[in-house]
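Engineer: Feature table excerpt (TrEMBL):
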BINDING   Gly379, Pro380, Pro381, Gly382, Val383, Gly384, Lys385, Thr386  ATP binding site
COMPBIAS  62-71  compositional bias 'Low complexity'
DOMAIN    1-224  domain 'Lon N-terminal'
DOMAIN    743-928  domain 'Lon proteolytic'
REGION    36-83  region 'Disordered'
REGION    592-646  region 'Disordered'
REGION    668-697  region 'Disordered'
Amino acid sequence: MPISINDQKLVSALLEQQRSRDSAYVGVFLRERPSAAALAAEDSDSDADEAAREAEQGAGDSEQPGAAEPGEAGGSSKDKADDLHSVGTFAQVHAIMPHEHGAQLLLLGHRRLRRLHSVTQSPLTVAVEHLKDLPYNQHDPMLRATTMEMVATLKELIQTQPLYSEQLKSFLRFGGDYSDASRLADVAASLTNSGKDGDLQAVLEELSVPDRATAVLVLLKKDVEVSKLQAKIAEQVQEKLSGDQRRYFLMEQLKSIKKELGLEKDDKSALILKFRERLEPLKDSIPEHASRVIEEELEKLSNLEPASSEFNVTRNYLDWLTSMPWGRYSEEKLDVASASTILEEDHYGLEDVKERILEFIAVGRLRGSTQGKILCLVGPPGVGKTSIGRSVARALDRKYFRFSVGGLGDVAEIKGHRRTYVGAMPGKIVQCLKSTETSNPFMLIDEIDKLGRGVHGDPASALLELLDPEQNSSFVDHYLDVPVDLSKVLFMCTANMLDTVPGPLLDRMEVIRISGYIADEKRHIARKYLEPQSMKDSGVPPGAVDLTDEALDELITEYCREAGVRNLKKKLERIYRKVALKLVQRGVAPALPAPHHKDATAQAATDGANGPSGRAPTAGGQKEAGPQQAASKGGGEALASAGGAEDEELEWAAGGLLSKLDVRLDSGEGTDAQQDKAGGSVRRFSTSASAGQDVPAAHNPSEAVQHMALSAADCGEPIVIGKADLKDYVGQPPFPNEKMYSQTPVGVVMGLAWTAMGGSCLYVEAASVESGEKKSGMRMTGQLGDVMKESVSIAHTFTRSFLGTKAPAKAHYFNENSIHVHVPAGATPKDGPSAGCTMITALLSLALNKPVRPNMAMTGEVSLTGRVLPIGGVKEKTLAARRSGVRTIIFPAANKRDWEELSKDVREGLDVRFAEAYEDVYRVAFEFDKEEGGDQHQAYHDLSAPAA
């Protein structure tokens, strides 16, 4: 064994002994505890084991000379042998290799010895006793078994530790024998690595061979466990490294082989070739400036290393540049007759909107292109603005792309991100051109009135360039940084109101207003589109249900008063779901063909995950659903999926619709919040192919058997749903009765208001407050807005002067009384100037103590001089008056043209008076008993016309 010592005196003594004899012998002992010199030494390489030189060999006891600890005086009173174990090894010195700090010894151990007492301290020499093994039976079975187990364990260790093999070969070479248990245990102990110094010293001190063999076997077993753990760790590390290395080497070899055979070029060359192949069809139409940029980027890509980050940035940039439809246009169809047919198929009513769209297409036909005008459809939610856009795209045979800007607050969504940012990409405009693969798509910009504004810029300002025909021919996206021609793109925008649209942006668009549907239009839409679609969605065959006209009218007037038809569709779906439940409870079930059963079941499961309607729009725009789907879900899933909607409807019924809406009285436009509360998102009633441009057609084998799955004959007697039965299907009507008074009392006048739901009646109440002192004053309640409060102040001022003219006896009424003006539905915010007429009339009714004309409503803004100013929402307010049973309506004279534009069925049966000044309103409201009977039944009266 090699050993290092740093005691120069001991080295000198050993060298002297080696010169005087052929070989030197020493006694080697392990330290039992560190010496004082070792603890005090700093930066020592290692502490030398104490060694004592045997003076001479002989029988019995002998003296062993040694060396003192480094740094200690030779005459120290302390015995340095006290720090050593008592049992050590008698070893022969094979070689001494002196160095600067001591010497390196190569020793060969022979036998055990015990230290008796010290002879000298420098060098340390001790008297020793040579030890022999205790007598033992070499043929003892236990000892032989232990020996064989040691040999087997050593063989196991050799598999993982080659060093064991070399040392065992040396053991056999010097006369060792596996049958010699004593020597085998000593050699095995010298090979162990897991044992502590105390364990090895215990083996050295053990003179009983069986006990020594057992202790060594324990140490060997520990080594086996350590070796297994080491091998497992090495295997895990190797698995992680070898997989990647193997794949890397194989890929490199594959690349080399393919390159040599000419089968494939490297990734960079393949990318460049792919980009050039994309440009080949566009080489004649691509603009020069774009072609120049692409060539520069291709050259740059060829010089970059694929592992660099700039390579991926350039590759993505080229991918977008080469995917753009430079100069590629789809053929446009400008056929007015075909467009008219498509619009009629998709929508019922909206004649003014259809006519304006046909005019737009006719102008495009004469010019040869539809570029130029940018249309903006404005109306409440649910009236079909988005679906009209899809219909226009289908009529023109243009690719359709919808881009919603509601809540958008980042300019980068429109104009793209700079390429310097991680994850940068172009804006929606460039994405539209790439997805449609044409330079003249139809782009619908939805919810333009709900644009946001934040720290990332003003998107409304970014749209100014986009929607300006004079500028968008060279639109520059921040990511592409190359001018793109958008002059051939047809833009159409939608909005619920125009108050929040910036003026410069509004100036670039031509506004088309959609006021909503009247009851007659809703009835036709329900019969033609919504009812057949709801029956298919629920799996109810035609003829199995008879929804009477009275029930449908009641559903429209008492349950679905909104401007659109979205809620009407939901109510019809709810009715037919309950019908489906009744049919299933009767025992009605479809007999589906066996070959399609599996597919139909899978489709039903898929549809169930998509929602209660469980359908996808087809290429024709109709939403198909199999009756087997409704039958499987009619009793459970269908009703459960409708639970959220039913809870919402019950909430509306309990709180009243007016508490959910903000009322505006000035025009036919509302705030964003009003529109959202009333209508939500746009819901179409169309069954045309226009819907298919949003969602691909569903191709399911089960569709082939849906129409023959169930017939009306299978359902027995049809289920009749009358007006009285609606409560069992859709609950109580959620709308309260708008007509609070059968005969308006003194101080109460009915006004007309515009809301996001279309229109409503609004009462104004005035009362005199009794007090001990006669003091004038005005109190207003009903959650009135600032504009409406100003209308009350104007009405108060004008009424005082007007009362002095019409009733001098009452001229001081407002000076002596405190007035309280209230507008019912106090939880609903109200604002707008168009209640001026109504407020003046209510104050005059209170002062004159005279009720106004029965069944009369009015609307109009009044100035301080008594002029009646025009208002908005004439159609919506007229419909609200009809619902409330009003016979006489007063409109401002300036709104006469709006009234005449209404359809005949809207105007029929109403006595409309037009007032230019409040004097005209006064005559209608308070002097109605003086009118001739025949005049009361005219279609309308122009009160501002000069008398004959």
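Using the three backbone atoms N, Cα and C, a Cβ is placed for every residue, glycine included.
TrEMBL entries are annotated by machine, without manual review.
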Engineer: Which of the three DSSP-derived classes (helix, strand, coil) applies to Thr386 (ATP binding site)?
Structural biologist: helix
Engineer: Please report the number of other Cβ atoms within 10 Å of the Cβ of Gly382 (ATP binding site).
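Structural biologist: So the number of other Cβ atoms within 10 Å of Gly382 (ATP binding site) is 26.
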Engineer: Just name the most isolated of the binding-site residues Gly379, Pro380, Pro381, Gly384, going by other Cβ atoms within 10 Å of its Cβ.
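Structural biologist: Sparsest of the binding-site residues Gly379, Pro380, Pro381, Gly384 by Cβ contacts within 10 Å: Pro381.
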Engineer: Across the domain 'Lon N-terminal' (1-224), what does the mean pLDDT come to, as a whole number?
Structural biologist: 73
Engineer: Would you mind pulling the DSSP three-state label for Gly379 (ATP binding site)?
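Structural biologist: Gly379 (ATP binding site) sits in coil per DSSP, no helix or strand.
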